[in-house]
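Down below is the structure, laid out as structure tokens.
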Amino acid sequence: MEPGQIILPNILVTGTPGVGKTSLCTLLENQLAEEYDLKGFQYVKLTDLIQQKKLYKKWNEEFDVPEFDEDMVCDELEPLMSQQGGIILEFHSCDFFPERWFQLVVLLRCNNTELFDRLQARGYNEKKITENIECEILDVLKEEVDSSYKQEVILELQSEKIEDMQQNLEAIAARIKQLVGNQ
């Protein structure tokens, strides 16, 4: 690393399926450099990587998803996460990642009515919708985040309306600038 080079934080964006992780991460990837002069971030959608690299040992027929292998996922991500930073990692689970990987953990939340509508629009079956709604109601991801990461790295944001996306982008950019400024 060059003297005086800024180290970007690694960011985890997590939440129940349907809360808007992909939309937010796409916005972050496209606008952090343009609007906030925060260049060098790389977006990794872990569900895609799991399928591309076959980081699973079996397929869940009921939900039509791979049952990812935590060790395989961590082994694949370790070289990337240990570099200079600047990774935006999106995934719906977070309690198996090493805490040292992330300097910012964004937990997206959504009200149950909106979440139901989003999951239904995706064509999820009734059981998959119910499981995801219960996950949000019971704060499953919030508990995972709270038990896996220090409170000072967690940023919990609502993701229900279009306006929330811009506000969330601004909140994340402000936190990144704070982290970069503290180096």
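Every residue, even glycine, has its Cβ placed from backbone N, Cα and C.
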Please identify the range among 11-21, 121-131 that TrEMBL labels region 'LID'. 121-131
Under TrEMBL, the annotation region 'NMPbind' belongs to which of these stretches: 45-68, 141-164? 45-68
Under DSSP, the region 'NMPbind' (45-68) has how many residues in helix, strand and coil? 8 helix, 10 strand, 6 coil
If you draw a 10 Å sphere on the Cβ of GLY18 (ATP binding site), how many other Cβ atoms land inside? 26
Can you tell me which parts of the same chain pack against the coiled coil (155-182), counting only residues 6+ beyond its ends and a CB-CB cutoff under 8 A? 6-9, 11, 15, 19-20, 23-24, 27-28, 31-32, 35-36, 38, 103-111, 114, 142, 145
Set of same-chain residues at least 6 away whose C-beta sits under 8 angstroms from GLY20 (ATP binding site): LEU108, CYS110, SER159, ASP164, MET165
When secondary structure is assigned with DSSP, how many helix, strand and coil residues does the region 'LID' (121-131) contain? 7 helix, 0 strand, 4 coil
Other same-chain positions with a Cβ less than 8 Å from the region 'NMPbind' (45-68) and lying at least 6 residues past its termini are 22, 25, 76-77, 89-92, 127-128
